[in-house]
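**Student:** If you scroll down you'll find the structure; I have some questions about it.
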Amino acid sequence: MGDVEKGKKIFVQKCAQCHTVEKGGKHKTGPNLHGLFGRKTGQAAGFSYTDANKNKGITWGEDTLMEYLENPKKYIPGTKMIFAGIKKKGERADLIAYLKKATNE
């Protein structure tokens, strides 16, 4: 598992412009990520997803996030997430460790 503190820095640098993680956090360009783990794609209440996200039908967890965060548009063709991805596996592991903690508090 990755390093939560390093993951928080990655989130602030690469994700926080479009996403929030706290319970009751607002949707921005991207959805609030609270409760992400164990939720199916395209299911955050009140966020307008593309059909690609709604129809992907996978459940978010460490393995699915590891693959998605490497190249979001390859994993879910048609997603409106414009982020290019994180190529370094260690950085993805750190981010996932942070998300696992932060989206569950």
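Glycine too: its Cβ is placed from the backbone N, Cα and C atoms.
Worth saying up front: this structure is predicted, and the values here are computed from it rather than measured.
According to Swiss-Prot, the protein has these features:
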- Gly2: N-acetylglycine (MOD_RES)
- Cys15, Cys18, His19, Met81: heme c binding site (BINDING)
- Tyr49: phosphotyrosine (MOD_RES)
- Lys56: N6-succinyllysine (MOD_RES)
- Lys73: N6-acetyllysine (MOD_RES)
- Lys73: N6-succinyllysine (MOD_RES)
- Tyr98: phosphotyrosine (MOD_RES)
- Lys100: N6-acetyllysine (MOD_RES)
**Student:** Among Gly2, Tyr49, Lys56, Lys73, Tyr98, these being the modified residues, pick the one whose CA is nearest to that of Cys15 (heme c binding site).
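**Tutor:** Nearest in space to Cys15 (heme c binding site), counting only the modified residues, is Tyr98.
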**Student:** Taking the Cβ of Cys18 (heme c binding site) as reference, which residues of that chain separated by at least 6 in sequence fall under 8 Å from it?
**Tutor:** Lys28, Thr29, Gly30, Met81, Phe83
**Student:** Please tell me which one of the recorded positions listed here (Gly2, His19, Lys56) sits closest to Tyr98 (phosphotyrosine), measuring Cα to Cα?
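**Tutor:** Closest recorded candidate to Tyr98 (phosphotyrosine) by Cα: Gly2.
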**Student:** I need the nearest neighbour of His19 (heme c binding site) among the modified residues Gly2, Lys56, Lys73, Lys100, using C-alpha distances.
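**Tutor:** Checked the modified residues Gly2, Lys56, Lys73, Lys100; minimum Cα distance to His19 (heme c binding site) goes to Lys100.
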**Student:** Nearest to Tyr49 (phosphotyrosine) by Cα, among Gly2, Lys56, Lys73, Lys100 (modified residues)?
**Tutor:** Lys56
**Student:** Name the residue among the modified residues Tyr49, Tyr98 whose Cβ has the smallest number of other Cβ atoms within 10 Å.
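**Tutor:** So among Tyr49, Tyr98, the modified residues given, the one with the fewest Cβ atoms within 10 Å is Tyr49.
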**Student:** Would you kindly give the Cα-Cα distance separating Lys73 (N6-acetyllysine) and Lys100 (N6-acetyllysine), rounded to the nearest Å?
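**Tutor:** Spelling it out, the Cα of Lys100 (N6-acetyllysine) and the Cα of Lys73 (N6-acetyllysine) are 22 Å apart.
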